[in-house]
Amino acid sequence: MSSQRRPTRASLIWASAPATAAPPYRPRSRGESGSGAPAATPEPVTAESAKPTPATTEPSTQARGQRMRPRPPSRTAGADAAKRSARQPKRAVVPAAEPRQARDPSGQHPLTDRDGNARLQRYEERIKTAFDRIVPVLKRISALQHASDFERQAQSIARDALGFDLPEHMLADAWVTQLDLRRLFAWCVFETYRRMTDDFFANDPLGGHEIRDFDRFLQDCGFHQLDVTPCADGRLAHAISYVLRLPCGAVRRKPYAGGLFDVENTVSKWGEVELGRFREGIPNTADAPTRYLKSVIYHYSSVDPHHQGCAAHGSDDAAAAQGALDRLLAFRQSVENGFCCGASVALLLIGLDTDTDAIRVHVPDGEGHMDLTQSVDALKVHAITRDLEPTAARARVAELVKAHAPASADPGMLRLVARLIENNLSQIDYVRQVHGGHYADVGHAEHFMGVGIGFEEIQLRNLTYFAYLYTVEEGAADLDVGRKIFSGLNVSRGLPIPIVIRFDYHGGVPGARERAVTRCRRLDAALAGRFADLADRGLLHRLLVVRDSDAGAGIEVVGCSLTAPTAGGH
């Protein structure tokens, strides 16, 4: 999580050989020479050519005899062969263990979900384009601010390019004073976020709520809940829906800087899940032989490992992995200390290359211990299995996972890891096909900070930096990392830091909404105080939203630092 500037975002205080594809594989036709020369093309058969041709020369008697009398086989040899055949059982013809197919000219893996990749690409391009258009549109509007019909032109441009009108009060006085582009920029970011969120919950564009099949598979593997903590870095925001290709509605995701999740909070969530099993049989009954699976995703950079790794660990990959593992072990120890060893949980550690989206999985042994020097590398699995038939490739993936896991690894865990590796093969091809092998923005390129609790709808890479917290004090480290990132991305260019403050609540609990609104306002005041130097200069703006997670509806806006000022009176 470095503070490197996103190269494509311009300031609002502005002055503003594809590789040749390999030829498709063509199997050698029958009769073709080994050198690759084409076989002679036979003449077409016609009625005339089908008639026997009369011989012009009578063959000699000797030649005719050689042609007509086959050499008699040796009786002894024939008898011996018959005896051997009777003694030996018929041998079945076994197909090759790894039947190979012609390599796809595109280089994609046989297990790649092409339809899924196309759907994800459409969604990514639509949402990212909506945010990326904001600065160019505001540049056009800025150049018109002293025109006589400025407001009409500005609204027309915004409506056509962004899909919404701009606040009238921000445009009305532009002819008297300079247009406040900082406020307008923040407002456009917030409105684009609101529209994206409404679409996510209304239309489920990623299919994240189709969870039945995955829940069944997860329980078959021996787990009843998958709880994942990616690093809060925006380059991991797509880890669930894209990198691992899991339905976001079936996975509990709560990012923390460096993957260093709150152990007490996670123990509390574990207790909530176990109580639900005991009282309601959800997701299964308490006597089912399944466990709560906690996973952390740490990250590293293959393009610039010394500068674009995890900022919380100083771009030290070993420290990032060790820190995540230590936090996992602390969680398990906490559960066992409080509820005895019979209540133990399962652990899984995953590394992510934020440049290629390839993962490496550290598979635990039968006791839950993981070796940081031992992992299953999806990029290598992709290369090994790329030329196999789909069925053989899937079997080979499972073999490779087992071969690179401890001998005592749980079979259910091996099955789950094999599925994660297989899913990641599609993402590896996605990055290769859509982004040319690795992302252009190897550093940070987030558009806003998300602070509070919620944000299920954020499933895109480098869109949001997360800071999950209830109070500024408990999330101070995450907030400071976020400020550092956006100081490079926005403040250094004269742009404000847009922050969405969000608290989800359970509508079935009396007073839950009111408490969520109170938390938003308290956090808003604390942020304005902590970053007063930015707020006073118009470089920090906040949008306050809440959401009823029980209702499945969109967000509700309950406040904003951009609210129109109230006109004074006499």
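The count begins at 1 with the first shown residue.
Backbone N, Cα and C atoms are what each Cβ position is placed from, and that goes for glycine too.
The region 'Disordered' annotation in TrEMBL covers 1-118.
According to TrEMBL, the compositional bias 'Low complexity' annotation covers 10-23 (among others).
Annotation comment: TrEMBL describes 37-50 (among others) as compositional bias 'Low complexity'.
Residues or ranges marked as compositional bias 'Polar residues' by TrEMBL: 54-64.
TrEMBL lists 109-201 with the feature domain 'Carboxysome Shell Carbonic Anhydrase N-terminal'.
Positions annotated as domain 'Carboxysome Shell Carbonic Anhydrase catalytic' by TrEMBL: 214-444.
What TrEMBL records for 445-561 is domain 'Carboxysome Shell Carbonic Anhydrase C-terminal'. Within the model, the domain 'Carboxysome Shell Carbonic Anhydrase C-terminal' (445-561) shows a mean pLDDT value of 95, rounded to a whole number.
Taking H, G and I as helix, E and B as strand and the rest as coil, DSSP gives the domain 'Carboxysome Shell Carbonic Anhydrase N-terminal' (109-201) the counts 66 helix, 0 strand, 27 coil. Break the domain 'Carboxysome Shell Carbonic Anhydrase C-terminal' (445-561) down by DSSP state and the numbers are 40 helix, 34 strand, 43 coil.
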